[in-house]
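Here is what Swiss-Prot records for this protein:
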type     : residues : note
CARBOHYD : 60       : N-linked glycosylation site
CARBOHYD : 75       : N-linked glycosylation site
CARBOHYD : 98       : N-linked glycosylation site
CARBOHYD : 185      : N-linked glycosylation site
CARBOHYD : 200      : N-linked glycosylation site
CARBOHYD : 331      : N-linked glycosylation site
CARBOHYD : 416      : N-linked glycosylation site
CARBOHYD : 489      : N-linked glycosylation site
CARBOHYD : 552      : N-linked glycosylation site
CARBOHYD : 633      : N-linked glycosylation site
CARBOHYD : 680      : N-linked glycosylation site
CARBOHYD : 866      : N-linked glycosylation site
REPEAT   : 260-283  : repeat 'LRR 7'
REPEAT   : 454-477  : repeat 'LRR 15'
TOPO_DOM : 950-976  : topological domain 'Cytoplasmic'
TRANSMEM : 929-949  : transmembrane segment
């Protein structure tokens, strides 16, 4: 009997052991059903296009172990769910979360509902338990609600989760005062993250959260330093984040210096000013101190020498000036990251020192420190991962010893200095990022650069003076994704190894050099290449077959070379990824292929300055944002396709041979610049142009347009719309080269190197006539340029006074037309006008004296009209010379030499611009009436005199009749 009992006990223990070893086949059935109900609820809130991605491993299969489903973790003993994550769901709209769906998970310890961009929970509800719902989850310790659309309505629900120790609510953009008192029952809370939530006002009391060890209030709108006193009660606080708020004034030492347990203090991105508090040196437990991006000045306090635990110190982007000693860092044995820079050019960091560093840094970032020489302490570093010495006036040789002493160095940034000699180590190195752009380096690239630096991911050597050919060893850089050698003096043909070996290249920029020979003459292996910029070189011949192998090419710029051949044979027909194509100022010829403008993603096309001819294609891609088209300075003929007007954002067709009228088109609101200067367009200006409410630059000059100027042109927008700019833009399809490396991580702070280059950014340059010259506008000046040019046409009639409503207009040119009547006094509303040209017309009347109020007017030309009266004086009119008024003999006064003595001064002191305009028009009308009466009376008197002579018999009458008979006789003889 005892043996049977013993055997039975052994069997039970064996079964328990097997269960422990193998685990449960599935979670508890009750929780399985609850999970499926939760999934069903999530599906009901998800957009149709995201249904397949909703928890796909959560299946209604009894053989499936739900403890292995995504986002779950089970207790190995009980089989109950202890961790649940249901983020990454594509909701069709913001939705409430039904908390009752979570009640079956009785042992749940961690709940992650973070959106991470995708989720859009905006509230919580429970129709049965109400605000007490979360009290049912008695074991819940960690709750993550970050990156959603929650508001303050969730706080009463959270107050019931009394077991919480960690709560993340960041990135919900809640706004308003922080209702921390509504969390008074969370007495066990140790970590609270409220960052990036839009809170403002004062920082409230935290007296009921005495166990709090980590608090993050970063990226809110707190501004008062007084309320920081409320944080003093948190005596157990070890981590405090107040970065990116609006805190200003001196750093409150009575607050931070009393937090003796602080290990991490993040105050970056505020407006703190003054010197660093000496008492910060008493925080001997401090490991992380970030004071970057403030307005601090002074020097490092000597007390910092006592921060024995300090590992991370960032003082970058402040206002430090004068001599800056690094002596207080000498004994910081644990220091790993040191960052320092200044917005002031007066900072002079100590480079020569007698102390030997006791630390081994992984990050040494000292840009904008006016070093002059590399600091001595870097010589003793052997564990560096990142070194940034950019913008420091350093000269001489590139410091290759940094690579030799630090075999694990990943990032070396030396840009914007005065280095003259480029050297590399003799042994292979693991360097991944090398930036030596904007220096004074000459000579050639070392032949072995590809052998020594085979792991490079990013190399920028642009804006130097390199010469010679590119070394063939560069083809061994198999991992390189970004290579920029633009703005140098390289020459010769591109090495074949570069085109076949660097198969990881995403961006290749070789512009502004002297490279020659054909472009891409061979098949390449650059299948990952997205951006290829080769403009401003000496490339010749046709574009080679290698272009067809660039299957992912999106941006191709070969402008300003000597390329020949046909466009149709140069660009592959299957260039479906192409978004930017620039081949301007070459020798390309032939017609424009319709397939080119039909490429779906094409957003920027510049073929200007070539020998292209024929009709423009009518098939244009219907882009949501509009296509930017530059085809000026070619020989295109035929009509202007309506599809170009309907789908272009910028359309530049200047100096071609287009004919016909400007077609009627459907306004899509895309057009912002329309340049049709120098063609053979005829007909009237269509009123459809008035519907271009976003237009900024309109040039119809030097054509054969006739008719009147539509008054509705005052509907043209002269206000920069939201999101509309001309100086530069990135396409809606954006490709960039990114690189991210993490060098240090703490509770709320991550020190990482992030490199992102937006390869689609373009600086737009547009030519427009202003101030009597033809200028190119780009950059910031283009963003403020508004212009209307209708000059050199056959327009007639009056100048519409409504054009004065274009208050932001900077250039208006109506010269060389057939315009009559007077100059509208309403032009005085053109407050920003800089250039006003009305010359070579048939304008009459006076120059409105209200125009003297145009304080920005720099060029004013009304020459060769029929204007009369006294030239106004005052303001900018005192700066114009006689050339502005030539060909108007009835104008008098300064700056002409014609006296106005005896003429009535037409400047009257009246009350409004409209009344003045009526007065000017009346004066012009009176002049014409006098002219008509004078002419009529002259003819009447002459006729009466002839009749009188014919009524009396006198020698004069007989003589007159003889003359008439003679004319009649001669007429008969001529026609007989």
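Every residue, even glycine, has its Cβ placed from backbone N, Cα and C.
A 10 Å cutoff on Cβ-Cβ distances gives residue 416 (N-linked glycosylation site) a total of 19 other Cβ atoms nearby, all chains included.
Looking only at the glycosylation sites 98, 185, 200, 331, 866, the one with its C-alpha closest to residue 633 (N-linked glycosylation site) is 866. Taking a C-beta cut-off of under 8 angstroms and a sequence separation of 6 or more, residue 60 (N-linked glycosylation site) has the following same-chain neighbours: 36. Separating the Cα atoms of residue 552 (N-linked glycosylation site) and residue 331 (N-linked glycosylation site) is a whole-number distance of 53 Å.
Cα separation, residue 489 (N-linked glycosylation site) to residue 866 (N-linked glycosylation site), rounded: 58 Å. Rounded to a whole number, the distance between the Cα atoms of residue 866 (N-linked glycosylation site) and residue 416 (N-linked glycosylation site) is 59 Å.
The DSSP secondary structure for residue 75 (N-linked glycosylation site) is coil. Listed in sequence order, 175, 176, 177, 220, 221, 222, 223 are the same-chain residues six or more apart from residue 200 (N-linked glycosylation site) with CB atoms under 8 A from its CB.
Counting other CB atoms no more than 10 Å from each candidate's CB, the glycosylation sites 633, 680 peak at 633.
According to DSSP, residue 331 (N-linked glycosylation site) is assigned to coil rather than to any helix or strand.
Reported as a whole number, the C-alpha separation between residue 680 (N-linked glycosylation site) and residue 75 (N-linked glycosylation site) equals 82 Å. The 10 Å shell around the Cβ of residue 98 (N-linked glycosylation site) contains 15 further Cβ atoms across the protein chains shown.
On its own chain, residue 75 (N-linked glycosylation site) has 81, 82, 107 as residues at least 6 apart in sequence with a Cβ closer than 8 Å to its own Cβ. Taking a C-beta cut-off of under 8 Å and a sequence gap of six or more, residue 866 (N-linked glycosylation site) has these contacts in its own chain: 842, 843, 844, 888, 890.
According to DSSP, the repeat 'LRR 7' (260-283) comprises 5 helix, 7 strand, 12 coil. Cα to Cα, residue 185 (N-linked glycosylation site) and residue 331 (N-linked glycosylation site) are separated by 45 Å.
The number of other Cβ atoms within 10 Å of the Cβ belonging to residue 489 (N-linked glycosylation site), over all protein chains shown, comes to 13. Packing around residue 331 (N-linked glycosylation site) is summarised by its Cβ count: 16 other Cβ atoms lie within 10 angstroms of its Cβ, all protein chains included.
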